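**Q** Structure incoming, see below.
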Amino acid sequence: MNIHEYQAKEILSKYNVPIQPGIAILKYEDIDYAIDSLATDTFVIKAQIHAGGRKIGGGIKISNDKNEAKNLAKNMWGMNLVTPQTGPKGQKVQRIYIESAAKIKLELYLGAVIDRSNHCITFMASSEGGINIEEVAHTNPDKIIKVKINILTGIQPFHSRKIIFQLGLTGDLAKQMAKIMSAVYSMLINTDATQVEINPLIITLDDKLIALDAKINFDDSALFRQPLIQEMRDEDEEDQLELRATKADLSYVRMNGNIGCMVNGAGLAMATMDIIKLYGAEPANFLDVGGSADKERVAEALKIISSDQNVKGILINIFGGIMRCDIIAEGVLAAAKEINLSIPLVVRLAGTNFELGKEILSNSKLQIVAANDLDDAARKIVEAVS
């Protein structure tokens, strides 16, 4: 789960990470009051969306005039903000953060992630903080400092010293960085965060470290024990089909292709997407109905896939182990009739009750194409949408 910048800063502030004074605006009519309430000479107006690169897209503005700041915020509200991370479709701005400007001497980068590959928490830092950190990581990876932390021992002084030394921080700045790293580590553990980024972490003209921008991602599977974090969820920022799938307990990720996929099992789903690409087409989604789906869940999965306007055909690939193929067939028929499915549908069933499942589908009056194996299924659906 993602949250907005102002929410991330609220959490970091509770762990004593320094931030600039700011006010979140959640209603258009609160813009004037918020700007009047912020005691600063220079206003920074920030669009709040779940994507980076806002400055490039015009989502961050600076003004020394209160009235101009109000107009900038009002013009920003409701705009469709397109950044390198939103894609061409962009994201509608429905929240704004007004912040006091800081006097910057240097921009650093500091991040921490759950590093599954190395079974640890990895801190990353760089002296090249700012909007182009991704480019720095790609073109000059030596500029990214990495420190791996064993979760059994936790963060130790020597972990902080490695980053502090390589960043060239000394004196009070070194002490500030050590405190911030310790705070970020504690916050990541306590809130079930999977990623924390402070970019930039600035050094001000009076040598203070301040988190000028922040991004935090959380483990969806741990939200049941993080009610305060769950309250921060902004469903307007999420893909509505993915949100609908989450509520139906379905693993669904939307993609850019035109062939929808319904599969049981993540490995089989990956193989299905691979073979679609092998035949020259692109999958429109990853959808795993799981191993114990019932008729209603299968029907909802098909409705979600068919709700994507980019989908021109659907491939259902089921291997029945715990799941019975006749249950899949009944769910498919129920959904197809309800939504009056008009696009090509290819179904490959194997495993428990697969013959009964095929019989149910063949006895229906719907235009459903049966496939003998995965290769046959992929070929048929690609031909059908070509």
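Just so it is clear, glycine is given a Cβ too, placed from its N, Cα and C backbone atoms.
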**Q** Asn217, Asn256, Asn258, Asn264: which one does Swiss-Prot list with Gly321, Ile322, Met323 for the substrate site?
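**A** Answer, per Swiss-Prot (substrate site with Gly321, Ile322, Met323), from Asn217, Asn256, Asn258, Asn264: Asn264.
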**Q** For the ATP site that Swiss-Prot assigns to Glu99, Ala102, Glu107, which of the candidates Lys46, Lys55, Lys148 is also assigned?
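**A** The candidate from Lys46, Lys55, Lys148 that Swiss-Prot ties to ATP along with Glu99, Ala102, Glu107 is Lys46.
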**Q** Would you mind pulling the longest C-alpha to C-alpha span across Lys46, Glu99, Ala102, Glu107, which the record has binding ATP, in angstrom?
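**A** Across Lys46, Glu99, Ala102, Glu107, the two farthest Cα atoms sit 18 Å apart.
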**Q** Using the Cβ centroid of Lys46, Glu99, Ala102, Glu107 as the reference point for the ATP site, which residues of the same chain not in that list have Cβ within 8 Å?
**A** Gln20, Val44, Ala101, Pro200, Ile202, Leu212, Asp213
**Q** Quick one: Cα separation, Glu107 (ATP binding site) versus Asn199 (Mg(2+) binding site), in Å?
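**A** Counting only the Cα atoms, the answer is 8 Å.
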**Q** On the Cα atoms of Asn264, Gly321, Ile322, Met323, which are listed as binding substrate, what is the maximum pairwise distance in Å?
**A** 10
**Q** Give the three-state DSSP assignment (helix, strand or coil) for Ala102 (ATP binding site).
**A** coil
**Q** How long is the line from the C-alpha of Asp213 (Mg(2+) binding site) to the C-alpha of Gly321 (substrate binding site), rounded to the nearest angstrom?
**A** 48
**Q** Between Gly321 (substrate binding site) and Lys46 (ATP binding site), find the distance joining the two CA atoms and give it rounded to the nearest Å.
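**A** Per the Cα atoms, Gly321 (substrate binding site) and Lys46 (ATP binding site) stand 51 Å apart.
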